[in-house]
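Student: Take this structure, written in structure tokens, and hold onto it; I'll ask about it next.
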Amino acid sequence: MAKGEGAESGSAAGLLPTGVLQAGERPAQVMMKEPKKKQQLSICNKLCYAVGGAPYQVTGCALGFFLQIYLLDVAQVDPFSASIILFVGRAWDAFTDPLVGFCISKSSWTRLGRLMPWIVFSTPLAIIAYFLIWFVPDFPQGQALWYLLFYCLFETLVTCFHVPYSALTMFISTEQSERDSATAYRMTVEVLGTVLGTAIQGQIVGQADTPCLQVPNGSEVASEGANRTHSSTSLRGTQNAYLLAAGVIASIYVICAVILVLGVREQREPYETQQAEPMSFFRGLRLVMSHGPYIKLIAGFLFTSLAFMLVEGNFALFCTYTLGFRNEFQNLLLAIMLSATFTIPVWQWFLTRFGKKMAVYIGISSAVPFLILVALKESNLIVTYVVAVAAGISVAAAFLLPWSMLPDVIDDFHLKQPHSHGTEPIFFSFYVFFTKFASGVSLGISTLSLDFAGYQTRGCSQPARVRFTLKMLVTMAPIVLILLGLLLFKLYPIDEEKRRQNKKALQALREEASSSGCSDTDSTELASIL
């Protein structure tokens, strides 16, 4: 203790009546606060936080891989209407992200925090809407409207869960290393969520025998009606299988939300509490969109995410009709997701050892040779499984890296705009907005392409043009998008050296804010006692 500090403490204590001090309490304890320790998250905290990412991935995986084939072959929606449902649903989902981000930025802090109430109140409504997406109504004329309504409603409600959950990354700890570690836990659980979504939806639905119809020619027209009648019972069994899978996934959604709410405590930044007035949403939006590293990051991931979403949205149809593996596609999906799950920790180690930009280049580009192999080689089940496992390695990198790099961009923004707080939901919501809008465009265009190529609803086989279109959508188009995304990443300015500099500067800012906050609190307490 310095001489000046001891003198000040002694003087202050001398002004106090003797009854104010507790027995055995030293005068210096009235004024001195223990220095803040580094915020360490326990493994339990990280696991509870990570589990909160599973609902979005479980439901998103089921919808991404199976909704298109469900609408076309089970609900028997025509391809044009299905393309409208998929495009409008994803575009609406994209629009709701900044809208929810705006509402969150205007939310007040409660006992649960500012973000947790959104997660709590959206969950029960979301699971109802999700279940109704997989229900086939009895009125054929209004089916397209039914699916569009409940698809948009569910995407709105799951956005009310996922945007605050994504922004929660910045509020579980002020330590960059702890946030990175928690993000790795989260990505591992999210990939496990995709495995669950794939396994539950794929294996339950795969047990049902989805009937198909031969494309009628002149000799088969007379038997077409009998064929449809014969398959109606089997079709009803398939519809019930989709409902069963939806019920299981909805239960997982609720359990994970409860664990998240009970196991994670939302924290405020020390310097945020000193801000007199919250920043307006539109001013925050202008600042966010003028932040160069953010624009370059979302531009790069926009193309790479779009590539993987094209594969996701068309993979079931590609396996069924182009490769001819009608009864194997759910197992191929499971192989991809299991491979991704086991390699998430490897990529976490890689990015801490070699840097995040290097992990982007190596991880995402590793899918390109295998996509070329699928495009050039004839259908072979063993080769397809090998490609699926290899693709899972690249999927793991695509899962982990965006959410690991976004906090770095936000830290950089806080250093350049130290008085601009409450912008975290804007960063996360607009990243998701651009990604979802692009995926909506890709799904709409891909389904329309199948319509123009002559897709036959519930056909046991498809014309050659449809098979070729599916091959292009799953192989060549993603390759081009991945290469464009990697070129854009060359412009991203935050490397490992920049991250270390930002970490030191932010730590100094937090310590200064904490010291200032302690001084103000001590003065207030002393005045009250006097």
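One-based numbering along the chain as shown.
Placement of Cβ uses the backbone N, Cα and C atoms for every residue, glycine included.
Caution: TrEMBL annotation is automatic and unverified by curators.
The transmembrane segment annotation in TrEMBL covers 47-71, 115-137, 144-165, 241-264, 293-311, 331-351, 358-376, 382-406, 426-448, 468-492.
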Student: Mind checking which residues of the chain, 6+ beyond the ends of the transmembrane segment (293-311), have their Cβ under 8 Å from one of its Cβ atoms?
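Tutor: Hits for the transmembrane segment (293-311): 64, 360, 364, 391, 395, 398, 401-402, 405-406, 409, 412-413, 427, 430-431, 434-435, 438-439, 442-443, 446, 473-474, 477-479, 481-482, 484-486, 488-489, 491-494.
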Student: Report, as numbers and ranges, every residue of the chain located at least six residues beyond the transmembrane segment (426-448) whose Cβ falls under 8 Å of a Cβ in that stretch; write 'none' if there are none.
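Tutor: 68, 79-80, 82-84, 86-91, 93-95, 97-98, 100-102, 104-105, 159, 162-163, 166-167, 169, 281, 284-285, 288-289, 294, 297-298, 301-302, 305-306, 309-310, 313-314, 402, 406, 409-410, 413, 473.
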Student: I'm a bit unsure how to read this: which one of 241-264, 358-376, 382-406 has the highest number of Cβ pairs shorter than 8 Å with the transmembrane segment (468-492)?
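Tutor: Out of the listed stretches, 358-376 contacts the transmembrane segment (468-492) most.
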